[in-house]
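Features reported for this protein in Swiss-Prot:
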- 670: active site, proton acceptor (ACT_SITE)
- 674: active site, proton acceptor (ACT_SITE)
- 442, 457, 458, 486, 670, 671, 672, 673, 674, 857, 858, 859, 860, 861: substrate binding site (BINDING)
- 9-111: domain 'ATP-cone 1' (DOMAIN)
- 118-219: domain 'ATP-cone 2' (DOMAIN)
- 237-327: domain 'ATP-cone 3' (DOMAIN)
- 1043: site 'Interacts with thioredoxin/glutaredoxin' (SITE)
- 1046: site 'Interacts with thioredoxin/glutaredoxin' (SITE)
């Protein structure tokens, strides 16, 4: 049934004439296309399903046409064919759509070769095909504007437009016949104006002139007004699409695209600048992907000048994601509906894309689709989207299947699989994740909702002094690494070089060759093809092979006794530091001669160690080595500075303060030194990580405690769910995780939070903020675990734990003080909150998780959500970060905001930052109070970083990935730094940072202004006499920019 509104519609033909709209023409065109593609003869009836499809598509196109005409838009034959094409794709009829496109292209080529084809000479000298429809459209617009017409165009106007168009086209044809079928665009515009005035439409002529001057374009119906004045510099390039077809792109078209990407930042970004930069890299036949890349690179190049360009680049990359996953662009009107429909189709077809098959049956997909907030896609900066695109989005044969919100929802669904009300909790989890309040660790993001849901971050295992077990652990490493886990191995039990092997009566080669095999296994097995596998090997400092162990990462020496790819860490008992203080000796043993020593700690370790030393003196133990503690310490520090390894971790505080001291011993930490759990031959310790984003919980006057409480409650629930959903590559890992249910809740964006509060990291205020924020996180994490225990029950090994004995993390400091003595422990023990309600909850309900808190490095997830890593100070205010997704310029957005307010952010300031390697201290025009707030990592005295870490450690039941910074070689300062870390009660340390592998590009620094003679200058110049004194070059740690496994 054709309604009255449809009968009143008219469209513009290719000759520029208005004609009545006829839906039958659409039906007939579709029928012809179906018959041609499906090889159905004209005399044969169409199958019922095909006829229904044609009617449905016709109805959708008619509905869209009528709506646009009702809205006052001009609809052309070409636009209707675009709609038909779009509907064929939406309805999954790609084969018909493809043939229809080919048919249209053939017809277009035929028209352009016809006698009616005329050429228009543009101002830039290029020619384009003359299109009468554009004259009709421009005339109608002018009449509508003059007569203030709303809704459909009246018949008398259409008749006048048709008559005028015929006269204009006739005159153009007449002139072209005298000018070799070509006419200048100025002549066309003159003819239009002349004809309007000849017939007496003076007001319309005036509006048309204004219309031309304003260079208006009819964007809504995708018609470029050929009569509108063209820019003299307009260039055109042919672009090659992925499917092999080509199209033309102009400077103004690219400007329109980039203007949309810049529209959120009109005051700080310049679309014209980006257009010029991108267009300068174009060439005829440029690939479509290269067009996008040129635009993104133009935006990237300006990030150092204006951080908002990071969001412009992100929006451009988002368009790539949308086209790849949804076959849509960001500006498409139907994007939102296609987005939601694609999500539901993606989940329903998930079996083909490695998704967990349960997802499609256990959730209300309509509710989940409607819960997605697409505007949250715009929260990401460029580096965040690039990381997601490269490594996190699920893909099929190189094509991304996910967008940011679909990615978050897939993760949320995977974490809600064991909930009773799955849809409710999936939406709750999604809202927390997609607003950047909390982010799970990378393995969870990789694998949640997938068929193999290995979601755990960290695995800790101990190697027995047995060949079968040695290779079993190496094999386990491969399996764990395959599914994106980071691994810590304890190798202390392996007998030392020269020890007797009773079975063969031979001598052992020691632990080093086995670590070499471990190294090569880590290299061979990458993490699901997404990032490098990674292992950290631990050795206690009394092991006879320890001195060789120190040199594993050296670049010189016998390469058969080097392990360049694994990380190494020293497991140091307190007794070693006591001997160091006493300037005493230290004895190295083979583990098979000192049974029980590795499992002992505190006073028991001291008793056993001294007993074994007496056996050395009596001759009972013959394989040993005595060294001066100071000499060994000096070698430890030397290797740490030269190679960045072995990291220093502390055995006694890790065990004495462990909540699980009743079930075993902590023998090592994990890959990133924040996890401290028992492991044994029968148990591989497992921990699941996630981090709270402090930035999202900052108010003007401090932390939003209510919001933080809610975030932590939901986050702990997610982390606990991981344990039950997880895919376990080994039996030992599964048994340990189910028995103890350890989770590691951490933080990120600590430095950003300080910036928002105008606090310097090197201040007592920062120390107090570290203390208070950690206390709140500890308080609400313990509370959440208690409430989960009430709902789900305690973990199975709860009985006898410190929790069960009424000891909270804050209480265990006294246990450590009792063993060490007050001179060797300098930890604050003050509290702000009333902890009695938490103690009461534990007594009543117990705990769901044996351990709760650990601060991971968050190297990758902090990049995704755009905050500073973990608890790290700002590295530099302008630097280049390298990871598997490439190199990214990282400016300090908080600093730039401050400098803008002071009116001193300009090209010279950027030049200064580059010249001074991202530091403010030597830039005279920066006020001192700004310099103090914005100290970089190497400018902050280590005491501040260590005191902040100590305040956190009093509340944390595990550890923290704590990097330390040393700007210049200074053995005494380095020694004091690590001795202070021990005395402050820290359990572990992480990297020692001495310098960076990547720096900011300085090729544009003004050497004349700096007064420096470049090396290539052969002749003596006025600047040749300048003496530039530079600090001696420090050794460069062969470190990566950040941990790429835990987070």
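Cβ atoms here come from the backbone N, Cα and C positions, even for glycine.
Of the residues the record lists as binding substrate, namely 442, 457, 458, 486, 670, 671, 672, 673, 674, 857, 858, 859, 860, 861, the two whose Cα atoms sit farthest apart are 18 Å from each other. Summarising the environment of residue 670 (active site, proton acceptor), the number of other Cβ atoms within 10 Å of its Cβ, over all protein chains shown, is 36. Between the candidate binding-site residues, 858, 860, the densest Cβ environment within 10 Å is the one around 858. Cα spacing between residue 442 (substrate binding site) and residue 674 (active site, proton acceptor): 16 Å, rounded to the nearest whole number. DSSP assigns residue 458 (substrate binding site) to a strand in the three-state reduction. A distance of 6 Å separates the Cα atom of residue 670 (active site, proton acceptor) from that of residue 458 (substrate binding site).
Of all the Cβ atoms in the protein chains shown, 30 others lie within 10 Å of the Cβ of residue 442 (substrate binding site). One residue stands out among the binding-site residues 458, 672 for having the most other Cβ atoms within 10 Å of its Cβ: 672. Reduced to three states, the DSSP call for residue 860 (substrate binding site) is helix. Counting residue by residue with DSSP, the domain 'ATP-cone 3' (237-327) contains 53 helix, 11 strand, 27 coil.
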